[in-house]
Amino acid sequence: MPVDLDNSSTVSGEASVSISSTGNQNPLPNSTGKKKRNLPGMPDPESEVIALSPKTLLATNRFVCEICNKGFQRDQNLQLHRRGHNLPWKLRQKSNKEVKKKVYVCPEVSCVHHDPSRALGDLTGIKKHFCRKHGEKKWKCDKCSKKYAVQSDWKAHSKICGTKEYKCDCGTLFSRRDSFITHRAFCDALAEENARSHHSQSKKQNPEILTRKNPVPNPVPAPVDTESAKIKSSSTLTIKQSESPKTPPEIVQEAPKPTSLNVVTSNGVFAGLFESSSASPSIYTTSSSSKSLFASSSSIEPISLGLSTSHGSSFLGSNRFHAQPAMSATALLQKAAQMGAASSGGSLLHGLGIVSSTSTSIDAIVPHGLGLGLPCGGESSSGLKELMMGNSSVFGPKQTTLDFLGLGRAVGNGNGPSNGLSTLVGGGTGIDMATTFGSGEFSGKDISRRKS
């Protein structure tokens, strides 16, 4: 019995020595100066290098109890377990000679830590290194399906998985924000590069897209020659006019914007004097087969002398044209006076340069005096000339109050001068003069009818 006590005391003494020796292996760092920590895999050159096989490293229970077959990772734990079975147990004691520090190398030949100069100084560290880098990943996370080769890593991940995470568009999960930002920048750059390559490929495969975006402009049509256009339109109108039996050949002339002068009478004094054509307002025909009524030089501004009746018929015999290009009023009257004086016909139409192609006389077309009761015989044209020059006896001292020209003055009362038709036409263009013949000397019965 006392032997047992001595044995127990001896065992306790060995345990104390072992604990003290292990405590001396990790001395406290000096407070005065920090000791630089050795980099991983850079052990002390004097350390003992130990190479273990993969089976030994992966073994969970290296030390097994022979009574209950319970395994332990450390021999010290097994010795303490033996005390429960009342078996002899022995703890390592500190020897007098110094024990060298042990380092462990990785059993994988291709690993950098297989070199003794890069050996790891901890048995647990070398085990975890071998499992992480070269072992099988046995533990899997239930939330993110991530696998781990070390059980401790799996447990640490399971505690924080799903609590705070950053998910990229590509599906990768990150628990740290800095890692997520770095990955996101790389992922965005990669996506942009892929988009550019895809766009370039689509352009090569579909060249029609470029033609749709940049259509070829239509060629500008060549300018049309105005002279040829005039000739073509003139020939067309000539053909159209030739189809009508009443319309003689025409002379086409373009003129500036005309100004109309309308004289309204009660019975159509000059209605039917000219025949209207179906051409545009700038193109017209006359009753003469050789020359136009209003043919003049381009330097004279044209004017249209439109004398219309109260029934709405125009001077040219059509309501479709309200203005016809012609000479100015002053030039028209001067020409009429000159040609009327030199002509033997003595009519207004002959004075204006209109010569009928038929044998019908001027008296048959327009009655004597133009229906105004004026002497206009074939012997002389003094009556009409006087009317045109303003010296006719119509404006003489006759007892009538008829406002013949609609100018607000009494004609024939002798109170003021009158200039006749020359004053009327020479006064300007665009004037409508209403002449009322219902009473007095000039009755509507004296006005001749239009040509049948």
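Note: Cβ is positioned from N, Cα and C throughout, glycine not excepted.
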Correct range for zinc finger (source Swiss-Prot, candidates 139-162, 259-282): 139-162
126-133, 398-405, 406-413 - the range that Swiss-Prot marks as motif 'Nuclear localization signal': 126-133
Intrachain residues whose Cβ lies under 8 Å of the motif 'Nuclear localization signal' (126-133), provided they are six or more past its termini: 52, 54, 57-58, 104-108, 111, 113, 120, 149-150, 152-153
Three-state composition of the zinc finger (104-134), taking helix and strand from DSSP: 18 helix, 3 strand, 10 coil
Beyond the site residues C168, C170, H183, C187: chain residues whose C-beta lies within 8 Å of the centroid, for Zn(2+) 2: D169, G171, T172, F180, R184, F186
Other CB atoms within 10 A, centred on S53 (phosphoserine): 9
Sparsest Cβ surroundings (other CB atoms within 10 Å) among the binding-site residues C141, C168, C170, C187: C170
Averaged pLDDT, computed only over the residues in the zinc finger (104-134): 90
